[in-house]
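Only one structure is covered here, and it is reproduced in the block below.
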Amino acid sequence: MQISSVRNPVAELREIGIADTADVHYQLTPEVLVTQTLSRQQGILADNGALAVNTGEFTGRSPKDKFIVKDELTATTVNWNDFNQPLAPAVFDNLYAKITQYFAGKEVWMRDCYACAHPEYRTNIRVITETPWANLFAYNMFLRPAEEELEFQDPEWTVIQAPGCLADGAADGVRQHNFSVVNFTKKVILIGGSAYTGEIKKGIFTILNYQLPHFKNVLSMHCSANQGKDGDTAIFFGLSGTGKTTLSADPERKLIGDDEHGWNAHSVFNFEGGCYAKTIDLSEAKEPQIYQAIREGALLENIGFVPGTRQVNYADRAITENTRVSYPLHYIDNAMEPSIGGIPKHIFFLTCDAYGVLPPISRLTPEQAMYQFISGYTARVAGTETGITEPKSTFSACFGAPFLPLHPAKYAQMLGDKMRENQVSVWLVNTGWTGGAYGAGQRIQLSYTRAMICAALKGELDRLAYMEHAIFGFAVPEMCPGVPADILDPRNTWVDKAAYDRQAKDLAKQFTDNFKKYASQTPAEILAAAPKML
């Protein structure tokens, strides 16, 4: 039994109902966790030194099986919808008893860590897992307290993850055998029936998206962030697979973080201590920083190998499109430490337009920016959710609806206030298709997207001529350094211009139809930024 000199994890587990365990492993090093995973035949060591595991039945999040306990605290504050499904306190209590009793006679891995790099908002977390590699994920992804801090760090939130603990569906008050439940009153997250580690990460993101805006007046954001040599911060909003991690990993800029951030009166700060990057079709040429971060201590999920070797085949989709790697933030050479940057000068909304309609880059007015933020248009990219095998258009408010417990208007109002106060430049970047819709056109080249973002950051797009998109009204640059001029106007990339016009009108209608549910709470000047229905 491995017990820290400053804590008694066995006793502390007993206090929360986990007793009679076979062994308790507390605060182990990555090296030991890797060794334990290999000795239990739960993973393979790739030739680059990373640990490779298979997450089993679930290779993505399961939004239909995520619940929030509805009680006195949350009844009128949570925006109840398909993503924030209510669960009765009694049902939670039953699941809590089931998952804690499940650990009897089993090994337990326990880790104390925290979220929020800004010390004022530090949120201490205890992660309890059934496998050593899930505990390695927690080590990689959350912030790591110094050893001398552990004696005084009591957890504010507890995450209990047990993939082998299966619910009895309706009898247990849930949809099926897997479940992810957030209890804001008891500050507990339960994850059962799924070994997909992203459920741990997004569970903590969900609680921060409630606590920080609601209690601390801090805007929580589903975005990546980096900072230039002159201290200029840029943030990149976007759903999974739209390019947040890839585009924020820039050798010319320091990485603040790749997915989750807070914006207070004076700074932008990372919630996490690591990165969780998609690896499908990864190459050193296209994404050198991510490629080089996959080494000892990194955790690869659901990847394939070149037959007969331990060489990772990043093109292998046999298990899932949603192949992933987690690694500590400091594995990126130019990561900021601590991961806190200044007020943003540029905001990029990343959208993966499966219809090939939107320009590769557009400059937005403040009103257009608010309309686009509330709309959150993108395509759900293959593999990031169970059952999604090819891109499908979706509207996800604030580019993160599955993780937002409060009403989208709250986040939108906070972002709008910050954009006006700080005179931020806002850009819409399409990382999706050009020359036609998905299946007919082609994906916009990553090198072109990087060049456009670089030009915007350097101010090179400020001095150029712009044209107005006929339907969406965006300002589209007529040229951009390092990018063929003929791709900037998406209509030019389609052979059949009439087909483009029809597709653009159809997408515009999708925008306006989607926005109807927000219209009553939206100011007239933002409503006026809707696409024109010609």
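Every residue gets a Cβ built from N, Cα and C, even glycine.
Binding of substrate is annotated in TrEMBL for Tyr196, Lys202, Arg324; the matching candidate from Arg40, Arg61, Arg463 at the same site is Arg61. Among Asp168, Asp258, Asp259, the residue that TrEMBL places alongside Lys202, His222 at the Mn(2+) binding site is Asp259. Rounded to a whole number, the C-alpha distance linking Lys244 (ATP binding site) with Asp259 (Mn(2+) binding site) is 7 angstrom.
Taking Cβ-Cβ distances under 8 Å and a sequence separation of 6 or more, the neighbours of Gly238 (ATP binding site) in its chain are His222, Cys223, Lys244, Phe349, Leu350, Thr351, Cys352, Thr378, Phe399, Thr431. Taken over all pairs of the listed substrate-binding residues (Arg61, Tyr196, Lys202, Arg324), the Cα spread reaches a maximum of 14 Å, rounded to the nearest whole number. Around Arg324 (substrate binding site), taking its Cβ as the centre, 25 other Cβ atoms fall within 10 Å, counting all chains. Asp259 (Mn(2+) binding site) falls within neither a helix nor a strand when secondary structure is assigned with DSSP, and so counts as coil.
Taking the binding-site residues Arg61, His222, Lys244 in turn, the residue surrounded by the fewest other Cβ atoms inside 10 Å of its Cβ turns out to be Arg61. Here the candidates are the binding-site residues Tyr196, Lys202, Asp259, Arg324. The one whose C-alpha lies nearest to that of Ser240 (ATP binding site) is Asp259.
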